[in-house]
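Chemist: Below are the features I grabbed from TrEMBL:
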{"type": "DOMAIN", "residues": "555-701", "note": "domain 'STAS'"}
{"type": "TRANSMEM", "residues": "61-82", "note": "transmembrane segment"}
{"type": "TRANSMEM", "residues": "94-113", "note": "transmembrane segment"}
{"type": "TRANSMEM", "residues": "120-136", "note": "transmembrane segment"}
{"type": "TRANSMEM", "residues": "206-226", "note": "transmembrane segment"}
{"type": "TRANSMEM", "residues": "286-303", "note": "transmembrane segment"}
{"type": "TRANSMEM", "residues": "315-336", "note": "transmembrane segment"}
{"type": "TRANSMEM", "residues": "364-384", "note": "transmembrane segment"}
{"type": "TRANSMEM", "residues": "404-422", "note": "transmembrane segment"}
{"type": "TRANSMEM", "residues": "442-475", "note": "transmembrane segment"}
{"type": "TRANSMEM", "residues": "500-527", "note": "transmembrane segment"}
Amino acid sequence: MEADAISGHKTSKNKPAFAKSGMERVTYLTQDQFDDIFQYQPASTTRLTCKKATKKLCKNFLSIQSFLNFLISFFPILKWFPEYNWKENVMGDLMAGITVGIVHVPQGIAYAILANVPPVQGLYTAFFGVLFYSFFGTSKHVSVGSFAVISLMTGVACTEIKARIDEEYYKLEAKYIGDAHNLNKQYDLHNFTVQMPKLDLENVEIVSTITFVVGLIQLLMGLLHVEFLAAYMSDQLVNGFCTGAAVHVVIVQFNKLFEIKVKKADGYGYIFKYIYDVFASIQKTNLVAAVLSLVGFVILYIGKDIINPLAEKRLPCPIPFELILVILSTAVSAFFNLHKTQNISIVENIPLGLPEFNLPRTDIIHLVLYDSLEIAAVVVALHISMCKVFNRKLGTRTDNNQELYALGFMGTLSSFFGTYPITTSLGRSMLNVECGVKTQMSAYFCGALLLVVILSVGPLLSALPMCILSVIIIYSVKNVFKKMPFELWHLWKVAKMDCVIWLVAFLSTAIFNVMTGLIFSIVFALLTTVFRIQWPRWQVLSRLNGTEEYRDCGRYARVTFIKSIRVFRFDAPLLFTNVDSFANAVEKALWTQRLKLRKPSSPAKRVVAKIFAKNGKQMQNKQLSEDVKHFIIDCSGFTFVDYTSVSSLIDVFHQLEKRDISVYFAGAKAPVRDKLEDCGFFKSVGRSNFYPTIHDAVNASVAAMKQQDPKCMVRSPSVFRSSIVVPMGGDPQANIAYVPESEASDSDEPIEIHYIEEEKDRDSNV
């Protein structure tokens with residue numbers, strides 16, 4: 001074998017060469033020898049047949065017990081409720097449930113306005129969302145219900161869908177008229193209207209259908225186990241998108257704050273026209289509404305930003321100033337009859353009792369599908385990311401796939417009662433935790449309070465001014481803008497590309513519209529991933545002195561670098577998208593002339609200076625690719641290879657061979673080697689070129705150099721003990737100049753490794 005000849009020891013397939021240096025140690029092993037010694041076990045290649053797949057899917061229905069277990073798995077309540085510790089948990093759950101329920105009331109009413117539905121639908125959304133999630137959800141801390149961004153997306157979708165319905169009707173009408181003309185008949189629009197009545201849908205019908213379809217999509221995601229898709233919406237993307245959507249949430253409330261009537265704007269950049277219209281009509285401001293709004297902001301600021309932080313240690317949970325503001329403003333509005341005397345818009349009718357059971361409009365599902373897909377994606381991303389936040393913070397665990405089922409059942413079932421899409425609210429969830437929530441039982445206390453409000457309190461809120469709801473909406477997203485500069489500054493320092501993703505998501509959402517911004521953000525984030533794979537980083541590696549570890553030689557000073565051997569690492573999966581980058585990187589690695597080290601030792605610098613003075617010449621401009629005789633590719637960065645990249649690897653191997661450069665592959669993972677085998681790589685490249693570690697490949701290269709030239713003075717890396725190494729010498733020999741570790745000292749002065757020609761009468765001790 002080639003390895004035997006290189007090492008100079010007789011070995012068999014299972015007994016590689018050994019060298020004694022204080023302990024029995026392998027000089028180097030090929031990958032095949034390594035696999036034989038440690039009894040490598042190939043991965044199972046058993047195929048999942050159609051029969052086995054069907055059996056796997058149907059195993060839950062093969063017996064009554066398995067079917068019952070399958071059903072129970074959909075209801076986590078059947079697991080945690082029998083084990084509920086009433087003595088330890090009930091007070092925390094009661095306090096959290098009541099407090100969060102109080103906050104639900106004003107937020108539900110306010111966010112319903114964003115969703116273009118009557119205020120009472122917000123109370124229904126909060127109640128049924130909390131109720132159904134308690135049966136199916138696995139998180140103890142999240143608070144589901146209304147959320148400003150989702151409500152805004154729903155309201156925008158509702159407006160667009162009504163426009164689509166009108167457009168379809170007008171197209172049918174035009175077709176009817178055109179057909180009548182072609183047939184030379186007198187057309188009767190009244191007859192057409194009787195035959196094809198125009199869909200005159202209420203907003204609640206459209207919104208509840210959206211909720212139903214969103215729930216179906218989430219159930220489908222759960223059945224297909226595609227919760228991983230939420231990972232494509234990174235935290236930075238979601239945060240940037242939510243901040244951009246919050247801009248729309250705030251701006252569309254301006255006219256309500258001042259009781260100004262402006263024409264509805266739509267299309268890309270509609271927000272700028274909306275702002276212009278508001279300021280153009282500012283002289284029509286209702287001063288009473290403006291004063292009410294200002295007082296509302298002052299009350300919330302003093303209460304939430306001053307009083308609550310001071311009372312935090314003395315009170316078990318924050319004071320619900322939103323509810324206090326609702327009660328005070330409603331009382332003032334009713335007492336002074338502001339609706340009639342000052343033309344202040346109010347909530348008006350809030351009916352008592354639970355809503356009627358109504359099926360969604362299946363005839364418009366095709367019209368709401370596109371918007372429902374977008375809303376479902378954002379709901380899932382928000383909910384899963386919120387669960388992850390609390391899991392990390394509190395050490396809890398949630399089942400992401402079960403959470404998809406919970407969202408799906410929550411959406412489909414609540415849609416029968418006229419709700420809009422439900423998701424998690426960060427503010428209410430944080431409040432839940434601050435109040436000491438222990439289990440999902442808090443949802444029932446929250447639901448009980450909401451039920452009392454729906455059954456008895458509704459009419460008492462009929463005089464609530466709409467401008468106060470706008471104040472609550474704007475103040476609820478205040479923290480989103482408050483943390484924006486700190487989040488951006490942190491991202492810019494630690495991950496500039498993530499900061500760019502955040503900015504793109506924010507700007508595209510704020511400038512265009514919510515739906516367009518979401519799509520643009522996702523596409524951009526995916527493109528950044530493609531770019532990172534297509535143009536990844538690559539490094540030339542050197543051995544850390546006294547170890548068998550090889551690291552980026554630009555980051556460490558105390559390294560060993562052999563001129564004739566080049567170790568190269570490509571930090572990415574090798575795919576068809578980056579094979580050209582890989583080939584270019586290999587060529588650049590061969591032509592590397594000097595490697596700057598960050599923390600070299602000053603003694604090493606002095607030794608380099610002495611060598612320069614002695615030799616009197618440098619090789620600063622020499623084409624050092626001619627000096628490289630052994631090229632080692634560190635395959636540890638290859639998590640995956642495809643057929644195109646395998647062909648590229650073969651091309652690189654043959655091109656370097658033509659230049660008399662031996663190529664070795666080190667650290668290839670088993671799945672990568674299996675893929676190489678499947679693609680016929682080993683028909684062109686011998687298995688003896690593969691080594692389990694870089695160190696094995698370097699030792700094999702040194703042995704090959706000594707075999708070619710017995711006078712070669714390159715020593716085995718296992719005996720190097722130097723703080724800095726300067727390869728030198730004429731081709732084909734390369735020698736090592738080094739500073740003993742005892743003389744090494746830390747220094748911040750930069751030093752470069754220079755490649756110097758060997759002098760014939762060079763001191764053999766250098």
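Each residue, glycine too, has its Cβ placed from N, Cα and C.
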Chemist: Report the listed stretch (61-82, 94-113, 286-303, 364-384, 500-527) having the maximum count of Cβ pairs within less than 8 Å of the transmembrane segment (442-475).
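Modeler: Highest pair count goes to 94-113.
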Chemist: Most CB pairs under 8 Å with the transmembrane segment (206-226): which of 61-82, 315-336, 404-422?
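Modeler: Selected stretch: 404-422, with the most Cβ pairs under 8 Å.
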Chemist: Sequence-remote contacts (6 or more beyond its ends) of the transmembrane segment (61-82), Cβ cut-off under 8 Å?
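Modeler: 134-138, 399, 402, 405, 409, 439-441.
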Chemist: Cβ under 8 Å to the transmembrane segment (120-136), counting only same-chain residues 6 or more beyond its ends: which ones?
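Modeler: Non-local partners: 74-77, 104-105, 107-112, 143-146, 204, 207, 350-351, 354-355, 402, 405-406, 409-410, 413-414, 417-420, 422, 440-441, 443-444, 446-447, 450-451, 453-454, 458.
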Chemist: Let me spell it out: take the transmembrane segment (94-113), skip the flanking residues so only those 6+ beyond its ends count, and list any with a Cβ under 8 Å from a Cβ in it.
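Modeler: For the transmembrane segment (94-113), the nonlocal Cβ contacts are 119-123, 125-126, 130, 143, 145-148, 151, 316-318, 320, 322-323, 325-326, 347, 350, 420, 425, 427-428, 431-432, 435-438, 441-450, 453, 461, 464, 466, 469-470, 472-473, 476.
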Chemist: If you average pLDDT over the domain 'STAS' (555-701), what do you get?
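Modeler: Overall, the domain 'STAS' (555-701) comes to a mean pLDDT of 78.
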